Each structure stands twice: as C-alpha cells, then as structure tokens.
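Taken from TrEMBL, the feature transmembrane segment applies to 7-30, 129-148, 176-196, 322-344.
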Amino acid sequence: MKLLDLLHRWIGGLIGLVLAVLGLTGALLVHKDAWVLLPHAADPQVQHSVAIATLVDQVMGNPATRPDMISFASPDFGLDRLRYADGSGAYISQTGEWVARWDSQWQRPELWLFDLHHHLFAGDTGETIIGIAALLGLFFVISGVILWTRTRKSFAFRLLPKRISRPAIVRHHRDLGVVAAPLLFLSLLTGAILIFRPVAAVILGLSAPAQIDASLKAPTFAAVAVAPTLDWRGMIMTARTRFPDADIRSLSLPRGKSGLITLRMKKPEEWLPNGRTTLWFAADSGRLVGARDAAHLPNRVKIYNMLYPLHAAKVGGLPYRLVMTFAGLALALLGSLTLWSFWFSGRRRRVPAMAAKPAVGC
C-alpha cells in the first residue's frame, strides 16, 4: 500500500498539469456549439440534396478559391466550415453567405482549444504526450480508488476543498476522485484507445488495429491532380442516391499521394458525428471509384467508432454533455490542486522547520 501511495502521489505530481489542461479544455469543448456565437450558427440543419449540391458547386467551382475541405452544418451547429491548405478557414451559412474568416487558428478560440486538447500545440509529439498522460491517468484513477478504501468511512463529497490547506485538499481530492472515477476512467480509456492502436488491441482484440486501419483505407487509385472543372453537383446526387437516408457531412480534396476526393456521410444508426459511410471520387474526372457502408464494417470497428462520441459527448444530448462536463472539471480540479499540494504546499510547510534548526543550536 505504501508503494502504491508513493506512486500515486508522484504520478499525480508529474502529470497533474497535463490532466488539468485536458480536463478544462475538454469541458469547454463539450459545449463548443453553444458558445460559438455567430450569425446563422443557430440555423436548422439543411440536408436537402439540391441545396447542398448548389452550395458545393458554388464553393468548389472556382479552382482559385477552392477550399481543401467543407464540413457541413450539424443539428447542433448551423454553419458550414471551410478549411484551406495554408491553415486559414471560414464559416459560411448553408446558403453560401460568408460569416467569418480567419488566417490562422489563433483567431478562433474553438480551434486553438481543440488543438490544445488534442495536441498540446505540439502536433504528433503532443498527441503522444497526451496518450501517455491518459495511460498514467488510468493508473492514477485505479490506484486512487484502491487507496480510498482505507479512509472510506470519512467520505464527505464536496465540489471544492473546505479550505486551501494540504489536509483539506488531500481529503477533497480523495472523495471527489472516487465519485468521478467511473467517468474519468471512461474519458481516459477512450482517449488512450483513440491515440494508441496497441491499446485498442488490448481492449478490442488483437485483430482490432488491422480492422480499424482497413476501414479507414481508401481504394487504390493513381495520384492525379484535381481537375479545374468537375461535376460537384453530380457527386452530391450520386452520394444521396447511394445512401438516401444518410446525412452529407464533409467533402475533402485529395491529401498526400491520393487522387481521390472523399465524401463522408452519417447514417442514422451511426454515433460518429461525421460518420464512416464514405464515397470516393476520381479527382480528375469526378467518377465514383468506391463506396463503403458503415453498416457493413466489422463489429470491432463499429465499437471503435463509438469511442469518440462517448469521449467527446457527441451522443446522449445535453444530459450526457453535463455529465462529461463534470468529469472534465473534476479532472481539472484534481490535476491542478494535486500539482499545488505536491510541489508547493509541502515546500512551504518544510521551510520553517529547516530555518528553525540553526536557532536551536545557538
């Protein structure tokens, strides 16, 4: 128990700041669609085929101003988002009216908060750090519950410490942690699985990583340039004919060595906000190259596709968003107060004792 307690305290002291950042940013991002206050943001979602086809033709028709990607409005957010290769972007209404533009993510708080939560502003390196912090956080949660059993008779739930002192913070940390433990376990585990394929193999089975990668892989196609003129309207109509009950969620130009335009759709039974029902069109001609129905994916992949909605509260409506908000704020409190009590409170307590020793010998 002493070793477990020592490891628990040191892990908390070392990763407390990262966990606090993840918790706070996660709690804010859960409600992103509500606090991005822009004209037309509250417009109802439009999924009429002709309306979407007209908008896509308008936005993508000019090669000089063509974005790399269009993310279409959702039931909770009424604006389409355009993304460009240079990092700039824009929000437009579902009728094509320009609402907001930016040259970098730093001009939009929802964008840099997302980057902070997912990458710590450090790209792939930051994502790896977050994944490691999530794994350590899982140990933190499990060991914390075990250590709590020693003092369970003194349990007293409080949202905040009774006072800012080390004993009060430790007691608050212990009791808040055990209440939030199931939600923190869910958040940290889903985050770790989404970042590290080996964790997916442990939880979902050894074949899961290969099946997940196969479900994301596009058809083989030559790396061709995007033609100046394409039948964008025809692509939308083809997609709607192929999957009439699915929402059109995003359209993106080829990336890297791919020569395929990707159109993602979300069927009613899918939890993933942008769905995994996908069509690919040749970038030089606009002809349909391949399509993948999310309903036919392996069961392990279907479970994997449910993890992000669970992690980001994209299912369950407002009640589940509030539950995950509590989890995020609890993680922020646990991480930040642990950091303070471990690195600062103890030092202040020891300094007078050390200073008093010379006086005793005088």
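Cβ coordinates are placed from backbone N, Cα and C, and glycine is handled just like the others.
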Under an 8 Å Cβ to Cβ limit, what residues of the same chain, 6 or more beyond the ends of the transmembrane segment (322-344), are close to it? 9, 12-13, 15-28, 30-31, 160-161, 166, 169-170, 172-173, 176-177, 179-180, 183-184, 186-187, 312-313, 316
In the same chain, which residue numbers or ranges, 6 or more beyond the ends of the transmembrane segment (129-148), come under 8 angstroms Cβ to Cβ? 1, 4-5, 7-8, 11-12, 14-15, 18-19, 22, 118-120, 122, 174-175, 177-178, 181, 184-185, 188-189, 191-192, 195-196, 199
